[in-house]
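K.L.:
Mind looking over this structure? Questions follow.
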Amino acid sequence: MDKLKVGLISLGCDKNRVDSEIILGNVKSAYEIVTDPKLADFIIINTCGFIESAKQESIDTILEMSQYKGKYNCRGIVVTGCLAQRYGIELMELLPEIDIMLGVNDYDKLVENINNFISDKQNKIHNCGYSDLNINEGKRILTTKSHTAYLRIAEGCDNYCTYCIIPKIRGKYRSRSIENILQECNELSLRGVKEVILIAQDTTRYGIDLYNKKMLPELMRSISKIEGIEWIRLLYCYPEEITEDIIDEIALNDKVCNYIDIPLQHISDNILKLMGRRGRKKDILRNINELRKKINDISIRTTIIVGFPGESEEDFKELKNFIENIKFDNLGVFKYSREEGTRAYKMKDQVSEELKTAREGELMMLQKHIIYSMQKYKIGNKYKVLVEGKKEGVWYGRNYAMAPDIDGVIYIKSKKELKVGTMIDVKITNSVEYDLVGVVYDESGK
């Protein structure tokens, strides 16, 4: 008898991507995994429920895939992830197209639930009770390029920012043990992974719950000893938790990329206080200055929220001036999303959607000009580049300052075939918006 075919659609952030990889790892022994949902008996949709646009994308995807029932092979729609965890049975009542629903803690029950649905001919299965997630990631099926993997070092969050629903969805902050992480790292290395990207809701607090102290520097040091791992990249670093020890480890450890992602959200002390952020402008400036003093080629990425309740014209001007002066290497701007269940939802002085959009556009245009002015100084530089593949016949890759999917790439001119997943030296010859253009160094004539 042929195995059931299962397809998966993953929405949302890279932390959700890791969940999707765990789901695929859990079902691979029981079912055949297909990439085309038209061929799937069951379609799993791993949803995001963080902000309004993400919720709408999840709902639209559920409705679109539900049309495959009767039209193609689909016998059932399975909904997992943050949207399922956030709304539970309410979501199932709203969308009767859903047959099976699992929260963020129940991925190990997926095969059992699908089998029960088939054998018992049950109409619905709902399984979204809360319990601490088993943070042993298990045997994932990587959905990234074979040489790069996201490595989740902790789950949950204790920060409780006033705009954020994640602690209610994902629970308290829980670190994985160093031993568990290193075991997975060794396995990833044996599979050909060269770049591990450390992620969590807050990577800088790693270890505080397990070891009663923050252990991120020790973790990075341990990972760097694993043969085959060449790049360690840090995302989601809470600004006030960036200690001198973390900065020193980035500066001194050759395998840790001189790159850091710090979601600042704002710079006005007034807005930071309303957001429930612990640090203030002086703390942020101190840490940025310390990073740049100790690591002269550090690449700093950040994300900003505009239109938070109470954001005045003065607050926005302060934010704009800050971005203009600091000149981040990469920056993302998001419009504040008013989410039920958060403290900010009930705040006065909500900003109009029109003004949010205008402020978002203004900051993105500013960042575009900043990038243009910074890129020209990279022409003539030589970088170690991780070869990623080809786009329209042109090789491309990334250097230490480029995280996958969210930052730019380097297009590589080469007279010979390159091997995906290898590191090569590239001399930069030009820039195109957020991307760079270069030539293989030994072909550049120096």
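Every residue, even glycine, has its Cβ placed from backbone N, Cα and C.
Not measured: the values here are computed from a predicted model.
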K.L.:
Suppose a student reads Swiss-Prot and sees C13, C48 listed for [4Fe-4S] cluster 1. Which of C82, C157 should they find annotated at that same site?
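P.N.:
Of C82, C157, C82 joins C13, C48 in the [4Fe-4S] cluster 1 site that Swiss-Prot records.
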K.L.:
Using the Cβ centroid of C13, C48, C82 as the reference point for the [4Fe-4S] cluster 1 site, which residues of the same chain not in that list have Cβ within 8 Å?
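P.N.:
Near the [4Fe-4S] cluster 1 site, the remaining chain residues are L11, G12, K15, N16, T47, G49, F50, A54, G81, L83.
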K.L.:
About how far apart, in whole Å, are the alpha carbons (Cα) of C157 ([4Fe-4S] cluster 2 binding site) and C13 ([4Fe-4S] cluster 1 binding site)?
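P.N.:
Here the two Cα atoms are 15 Å apart.
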K.L.:
What's the CA-CA gap between C161 ([4Fe-4S] cluster 2 binding site) and C82 ([4Fe-4S] cluster 1 binding site) in angstrom, rounded?
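P.N.:
Computed Cα spacing between C161 ([4Fe-4S] cluster 2 binding site) and C82 ([4Fe-4S] cluster 1 binding site) is 17 Å.
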K.L.:
Considering the binding-site residues C48, C82, C157, C161, C164, which residue's Cβ sits among the greatest number of other Cβ atoms within 10 Å?
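P.N.:
The residue with the densest Cβ neighbourhood is C82.
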